[in-house]
């Protein structure tokens, strides 16, 4: 009889009963060891593995989304350590930024104090979830020891002509009173943080020349094989590569130089009807000084929707088509992207062959004729009817890039578009009126912020010398300490002792730059600093960075696809270009494999009548025998509408991970969040389903006690190998175990399918439990495979693994952290043979799989010794006898 399972580990559904409290206590018992102690880093051929999750902003509270990222990261960290890698798994704090500054204003304190308090709270929360980080590598971006080197990177950019200051139209957040980069304004024209409608202003600002790296940023995306395709596509779209031509349109007014107009379709020149200029184009700016209506149009342009087709026709000025010599009207048009490429932005308008140009022409020149110069081409094999053909021909605009030029195209009439494009470019090029070019939509990175809580820009403005870089020996330029902040905006400009300095170049009185840097600069290089965090002379050692970069696995949200990830790629490539690190591939990409986890969504309850989002206090949760739990609205007795949506305070659907850990324990919470959904998918958070995880964890502990209780003095060597003389049950047990072990190992190493890891853990536990009940597998094999189970659950549920390992270690010596190798599956030495008499199976006989090789006489003799053999075979005259595969067939004379 099997030992009775300990009642301490029996499941309960009534709150945190004794068994669940035991799980919680186990997490507390092993917290110190699992977060700070073993396993030691391996020495597997000195291979390293750099696993990094995006470091958080220290708000003071970890939400479920944080928990998901850190559990994924920590599980991979533990797995690779068990596999023998020297794992780098650091954590730090993205500590500068508006939230800290705004919170400090509300509380009347220095943001540094608020930030430090929050970091302490969040470190405790990370430990409560048993996260094992390399705290000796911890960095905080608001520490002068860190931002000293953020300033050093800025100076290197400045030295290489990639940091510059110019007056530009900028995005102004009227709530937070600061400048926003283009990437920080959403499609509705709102600030990414405050949600305010963004205004346009002209200010002198600092920019970083990311556009110089646009070709490499675009090209190298194709080499990032382990990045999600949607992230790469978003970056491709943002970089916006356009292969086209710059055409010279002369201006029929000698006061202005020629217009450089960009187009991707020079074959449409015969149908061009206007030229559109960006609002910051020099011609537009010049005319705005003398035309009040244009000035007013420019001032109100920031209030127009992003897809506006409004335009302002410039009077008394025409552009000359370089091919047809026709004079064309010129418009100021908000849809033209400012500074599109190297030349001021100008595009040609072709209403007959471009949908946007068509809408613009209809709005600004209603009723005027629309020209076309390209028609669709139908070959003889086309099955398109004449009626359908005419309908296509009459459709305006005709936007296909493939077609045939019409009679309006003069000498090019009847020529295919691709041929005409090449010929037209050659003709214009011979006259000095065109050149092939690749342009990019991306614009230089605006980094100036008019706020206090950020990295000071290390520049001094001198009337004699202009912008002068702060000498490296004077870094860091420290933020002056403030007792408290009482207003939004930039307080640095009001602090005389900070602003007024001597020029480092000529010694004259000068003023320090009072803008601080965009916080995305801080996070654009932190993965380098983690590798050498105590270095006081440089950001990081070149050899150390070259050895461990790029990051092997980088985990974080897809919401950073354009901002953080693009900026990090730019800075990594720049640092490579100045020989700060070496990449044998030559592409200097910072992240080899990118893992973007799905959003965690909360259960949302809505009143079907009013549409109101309901709080838990407004609901009654009752048990329904027919279909489980039912939720009822207290006020009207109705059943609410239920859905899963992004967690928010307004929808009352948030979840506190700390409360979940307090109710169920860290291990159950970790396994639950891994089990609920594949990493890339949205996770619908439902805490009620965690009971299945709790039962499994209790089963693991109970199973450990029961297997060890088979024989008190049972002990096996730590070098114990799977026996070769396995019976059928042992063969099946061994093969099933190896199949699950292989699946789990590959789920970590190859597929990153951590939800199936938890599922396979459960199946392995059930496999051991079933074998224990049947008593068909020898005790030594049971213990050996129990050890393996306890070892491989360590990445996901470390304290349960430690608890079970402690029970095992009390009876025998073993290496509880070394990941087991997958063994070959085996075949049974025995085979079941069908004994067929006159065409019918009479009985089965199990024998050595080589039984038939003993020969006819030996086989018959053996079978006749069996009771069934004597019954069906004795005293019969054999007419025909066949032995084949697993069949022994007798045909007797009647």
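In case you wondered, yes, glycine gets a Cβ from its N, Cα and C as well.
Looking at the stretches 646-650, 651-655, 656-660, the one that Swiss-Prot records under the feature motif ''KMSKS' region' is 646-650. Checking Swiss-Prot for motif ''HIGH' region' across the ranges 45-55, 56-66, 67-77 points to 56-66. In this view, residue 649 (ATP binding site) is surrounded by 8 other Cβ atoms within 10 Å of its Cβ, with every protein chain counted. Residue counts for the motif ''KMSKS' region' (646-650) under DSSP, helix first, then strand, then coil, are 0 helix, 1 strand, 4 coil.
For the motif ''HIGH' region' (56-66), the DSSP counts in helix, strand and coil order read 3 helix, 0 strand, 8 coil.
Mean model confidence of the motif ''KMSKS' region' (646-650) amounts to 83 (pLDDT, 0 to 100 scale).
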